[in-house]
Amino acid sequence: MKQYLDFLRLVKNTGTNKTDRTGIGTTSLFGYQMRFDLSDGFPLITTKRVHLPSVVHELLWFLSGATNIKYLQENGVRIWNEWADKNGDLGPIYGVQWRNWQNVRGESIDQIMQVIEQIKNTPDSRRIIVSAWNVGELENMALPPCHAFFQFYVALGKLSCQLYQRSADVFLGVPFNIASYALLTHMMAQQCDLEVGDFIWSGGDCHIYSNHTKQVEIQLARTPKTLATLKINNKPDSIFDYNFEDFEFINYVFDAYIKATVAI
């Protein structure tokens, strides 16, 4: 995806050297946006391999409302291991906030069900929003939400989604996050009998970790290939009933995996 490589190059060439919580150090750029027309193909980068089982299983896990890594580990997904406690728990992260946000009266709000109802019944609403940034529970989360806030938009029979990501690990995290929310947009569109429109990714602190510099150079030397196509082979009664096997990524051609260490 040229948009992503242009972004990666811009951060590398114009970013500011900054310290960070992990102690590794970053080259950082504040504020950037990319737009992907989902009808042109699925926005899965081709200049390195993305581990699709991790993308799909993590999204299904979020949608289930779970915050224990047991399901992920059972399906060979280890991306949350470093943050979990000895029992595998992560505190009230994405799954809880998406499906079980507690209001001041102690009532549970299922934000995913709420936005589905809005898309179906009030598609012109400017309030079709899911937030994972629950200020009152941040201190209890293993990691505060990086992809914190997303909004849906309906026009001309198409569903679009915009994500705001407050903290963006441009080399490791962003390709994964783009794929995850593009997949969610496809699922929501199918459930609401709409076509897919655009996915817009908006980043706050967009950074390349100092220990990813060589990997970035390798990736920038590669040439993007034609995007894959997503085929959803089943339409369950609920967005919560999809299975991993329901998703087929057709003609995903990619360059070799580039190993890099995640900052903890």
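Backbone N, Cα and C define each Cβ position, glycine as well.
Classification of Y209 (dUMP binding site) by DSSP places it within a strand. Using a 10 Å radius centred on the Cβ of Y209 (dUMP binding site) and all shown protein chains, the other Cβ atoms total 23. If you look up Swiss-Prot, you'll see R21, R126, R127, R166, S167, A168, D169, N177, H207, I208, Y209 marked as dUMP binding site, on the strength of sequence analysis.
Marked as (6R)-5,10-methylene-5,6,7,8-tetrahydrofolate binding site by Swiss-Prot: H51, D169, A263. According to DSSP, D169 (dUMP binding site) is assigned to a strand segment.
In the three-state DSSP assignment, the secondary structure recorded for C146 (active site, nucleophile) is coil. Neighbour density for C146 (active site, nucleophile): within 10 A of its CB lie 18 other CB atoms from the protein chains shown. According to Swiss-Prot, the active site, nucleophile annotation covers C146, on the basis of sequence analysis.
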- Task: Between A263 ((6R)-5,10-methylene-5,6,7,8-tetrahydrofolate binding site) and D169 (dUMP binding site), find the distance joining the two CA atoms and give it rounded to the nearest Å.
- Result: 9
- Task: Taking the Cβ of H207 (dUMP binding site) as the reference point, list residues of the same chain whose Cβ is under 8 angstroms away and which are at least six residues distant in sequence.
- Result: V11, G15, K18, D20, T26, T27, S28, L29, S167, A168, D169, V170
- Query: For A263 ((6R)-5,10-methylene-5,6,7,8-tetrahydrofolate binding site), what is the tally of other C-beta atoms lying within 10 angstroms of its C-beta?
  - Reply: 20
- Task: Have a look around R127 (dUMP binding site) and count the other CB atoms within 10 A of its CB, chains all included.
- Result: 10
